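If you check TrEMBL, you get these features:
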type	residues	note
COMPBIAS	45-54	compositional bias 'Low complexity'
COMPBIAS	55-74	compositional bias 'Polar residues'
DOMAIN	619-702	domain 'Smr'
REGION	36-74	region 'Disordered'
REPEAT	225-259	repeat 'PPR'
REPEAT	260-294	repeat 'PPR'
REPEAT	295-329	repeat 'PPR'
REPEAT	330-364	repeat 'PPR'
REPEAT	365-399	repeat 'PPR'
REPEAT	400-435	repeat 'PPR'
REPEAT	436-470	repeat 'PPR'
Amino acid sequence: MAASLSTALDVHFTIPKSDTKRPIFFTSPIRHNPTKKRLAISCNSSTSETSSSTKPPQNISESPSPKNPSLSDQLKPLSATTLSTKDHQAQLLSRPKSTWVNPTRPKRSVLSLQRQKKSLYSYNPQIRELKLFAKKLSGSGEDEFESALETIPYPPTRENALLILNSLRPWQKTRLFFNWIKTQNVFPMETIFYNVTMKSLRYGLQFDIIEELANEMVSNEIQLDNITYSTIITCAKKCSRFDKAVEWFERMYKTGLMPDEVTYSAILDVYAKLGKVEEVLSLYERGVASGWKPDPITFSVLAKMFGEAGDYDGIRYVLQEMKSLDVQPNLVVYNTLLEAMGKAGKPGLARSLFEEMVDSGLTPNEKTLTALAKIYGKARWAKDAMDLWERMKSNSWPMDFILYNTLLNMCADLGLVEEAEMLFNDMKISEKCRPDSWTFTAMLNIYGSGGNADKSMELFEEMSRLGIGLNIMGCTCLVQCLGKARRIDDLVRVFNVAIDGGVKLDDRFCGCLLSVASLCDESEDFTKVLACLKQANPKLVAFVKLIEGEETSFETLKEEFRAVVRDAAVETRRPFCNCLIDICRKRDLHGRAHELLYLGTLYGLYPDLHHKTVKEWSLDVRSLSVGAALTALEEWMGTLTKFVQRDEELPELFSAHTGSGTHKFSQGLANSFDSHVKKLAAPFRQSEERAGHFVATREDLVTWVQSRIPSSVIA
């Protein structure tokens, strides 16, 4: 039987002759088969000892040479111990458990018989009590904290203290317990205790305390490792302390520590936010050269940096680097790249990138579709925008409030009224994305841009029924629409509702009311609008009254105008001046209109009004209202008349740039400007080569001036 067992335990395996790294199990190989060797198996059982009455089988021969034992000698201990009972034989004959082997990864060169030791406290039976104690500390007040520490269930050994410190959630409690550990002097403080405490403080955005702990480590000669520096730098970034993040990163580099992926991504983002493009690229290339492989987060940071600068070449560099390093973009990277393409003004490339993302198997989320919708709206790509909307519905891509409202704003930019109404109705029947205040605001903007006062008021009534309050943007759109339609009573009603609803009126809204006042033909309507404006900006109404006074001197006008401009928001200063000039022209105060235009130029509100080259003098009125543009034309023609009278040298060509609106609702200045030019009989004609330009030659202008000047003056 022993012989049969010996035969059954022969395990054969082939070893190539060229494999010299394999361990040698036998001192003398078996002669009859040179390509195969028998594996000697030995096993010492620590749980079952051989009984003294158990004898080895008698048919196992002994080897005459102890230095060269036979196979039966090698199997003798095994057969005499492990295989001595029927139970062990039954275990041997049972089917062993299968072991999965990954064919793509090579086997280890050395098999360890001992498992890797786990952390000591993972086997600590005190874990449950210590975690309950940590929970108790987390819920206690600062006054109760010290008394709660006295109830610690076990002595604060290194492992127990680290477990409790890592289980505390509020950063305040983590800091208190850390300070308490230091006062116990049970064991020396190590880097890991500082790291755990700093991470908790980072959640609380407590950079100053983290920096104090870091300086304490330096003073106590406790080593700062990669995790320490990474925690400091990332916390400084979260707290917008970019100077501190750079300072600690430079200190880290001086110590010789190599940053990890988290630290690299964080410091690259810091440099990018500081606008240090060269430093970002230098650090990126230095990290790649040192063996660091950037992750998608890094490329997201680079793409965002180049996108903010509108640098298309930089965006292409990011795409090329990702391909060269074989880094597959994730959804976050694609979203960042799309936003960057939009800021760089590359809608075609954004569309190609989006198709590449979809082809790669990624499903766009709300941010992806929102970014693309903004790009199409800005580029006025109506067809692509609506194709995107159809794909969203057919593929059931996720939609949220922001995306719906972005699509509605895009429809407002493109003048797509019917499409906007379709979107609005879809939101009404949607269970997740019901129309909110911003949705109604977008629709008010669409109807207001088209001058549809009836539908604007229907929306207003619907909002009142649903209990949805007006915000400042919706109120501005509605007031502007009603003002253009001369529905002043409805305007006053909307204004009162907004005031009662707690809407905070800003300078943009005041500019809207001022614009409506400039359109009023009846003095009664003008008074009603000014009464509303007085509640929002009394100083502005006082200045309007000052303009109407004939006794107001120019110096007084100058001082009061400077005060109005100084108190207004920067983006509303020029619109204020435009509307004030329009009011003057509406009330036949042409002298005041020219004075206000001069003051606006004096205070830098119209910096690009005049352009002069050797061959051409031009007037750019695209940023002016109709009344201000006509005033500027009159002022310019008066100046040119003086030049002709003084026989000064003039260029060959004169031009006025009014702009050409491509928007469906854009009214522009061209029609009003053309009518006024004809009224003055000026020699300006619309250019066929340059849209939105009125041109006149030097000869035509001189002839026109001479025809308007009496012959006695010419002589």
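Placement of Cβ uses the backbone N, Cα and C atoms for every residue, glycine included.
Curation does not apply to TrEMBL; its annotations are automatic.
Keep in mind that what you see is a predicted model, and the values were worked out from it rather than measured.
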Study note, to complete from the structure: Per the Cβ under 8 Å criterion, with at least 6 residues separating them from its ends, the repeat 'PPR' (225-259) contacts 191, 194-195, 198-199, 201-202, 205-207, 210-211, 214, 217, 266-267, 269-271, 273-274, 287, 290, 292
Review point. Excluding the flanking five residues on each side, which residues at least 6 beyond the ends of the repeat 'PPR' (330-364) place their CB within less than 8 Å of a CB in that stretch?
Key: 296-297, 299-300, 303-304, 306-308, 310-312, 315, 318-319, 322, 371-372, 374-376, 378-379, 381, 384, 397
Point to revise | Other parts of the chain folded back onto the repeat 'PPR' (295-329), taken as Cβ under 8 Å at six or more residues beyond its ends | key: 261, 264-265, 268-269, 272, 277, 280, 284, 288, 336-337, 339-346, 349, 357, 360
Review point. If you average pLDDT over the repeat 'PPR' (295-329), what do you get?
Key: 83
**Study point:** For the repeat 'PPR' (260-294), residues assigned helix / strand / coil by DSSP
**Key:** 26 helix, 0 strand, 9 coil
Check your understanding: Reported in the order helix, strand, coil, what are the DSSP residue counts of the domain 'Smr' (619-702)?
Key -> 36 helix, 14 strand, 34 coil
